[in-house]
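Everything on this sheet refers to the single structure shown next.
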């Protein structure tokens, strides 16, 4: 199931990206010889007078073959023969569609799931199944003290347990059904986050959002993720983060497996993050990527002529570097899975 979810998610993101290129190319009457979903050997195809629509064996990936994309090629009404502004729109359309998809997903999830508002009172709303205190505490218990330290609001619990993280057991004063009770609770170590926990969660309520509120949520969330993504790429290329910490396609499968345990909203959220990441990646000014091609179009728009032979060589070199980069990350992902 994890494999299927990952394939569908990545396939959808790439399909939407290529659809942007395809629709704008058709809008400007550029000949499109093929629109492919997937990579590798062709499994099924539908031929029309102008375009072949194909499905290929490897379900991840896809491409749009717009005639005239090769630097220096001369095709009637081809990509290279069109005005610079039209070429810019076609190149940017894939990224735009990724961003639009992310925004729509954020809006839909906000509209359906609403906003979760947590109760600030130190009243237990849930217990971790199989947790050390599942049989000791009960939902609706109000925690008054932990090891003699007063608890006024929910956030006080984590502050106090942090101070007591060297202990294995602590005393607790709780209010249950209007009566106060003294209990002995066990602290469980959360190694991943370097803390101790009681295995409890607060009460919360779902608040439905209006269309305007959902749009506002989508806008703010999109901007936040976009800024974080740009900062992330800057950190990678500035050498502040080791490539060993970067995940590629293989690593994404592992993340999907973990996220899918928490339901469709978490899967949709991951899809949003990946869609924005792929959009930003394609905007990077690297030859062979959309961003690299856009740079050359912008130079043309401001009157700077670039030697076509050099441009062609740069795009080929950029593609080789990109494939090498993806290979390195994928090998690292596989290494991490086995270690």
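Indices start at 1 and increase along the chain as displayed.
Backbone N, Cα and C define each Cβ position, glycine as well.
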For this session: Could you tell me which of the ranges 239-261, 262-284 is annotated in Swiss-Prot as transmembrane segment?
Result: 262-284
Exercise. When Swiss-Prot marks a stretch as transmembrane segment, which of 65-87, 88-110, 111-133 is it?
Worked result: 88-110
For this session: Provide the three-state DSSP residue tally for the domain 'PDZ' (96-179): helix first, then strand, then coil.
Result: 27 helix, 25 strand, 32 coil
Exercise. Around residue 17 (Zn(2+) binding site), which residues of its chain at least 6 apart sit with Cβ under 8 Å of its Cβ?
Worked result: 94, 95, 97, 98, 278, 279, 282
Exercise. When you measure from the Cβ of residue 18 (active site), how many other Cβ atoms are you left with inside 10 Å?
Worked result: 20
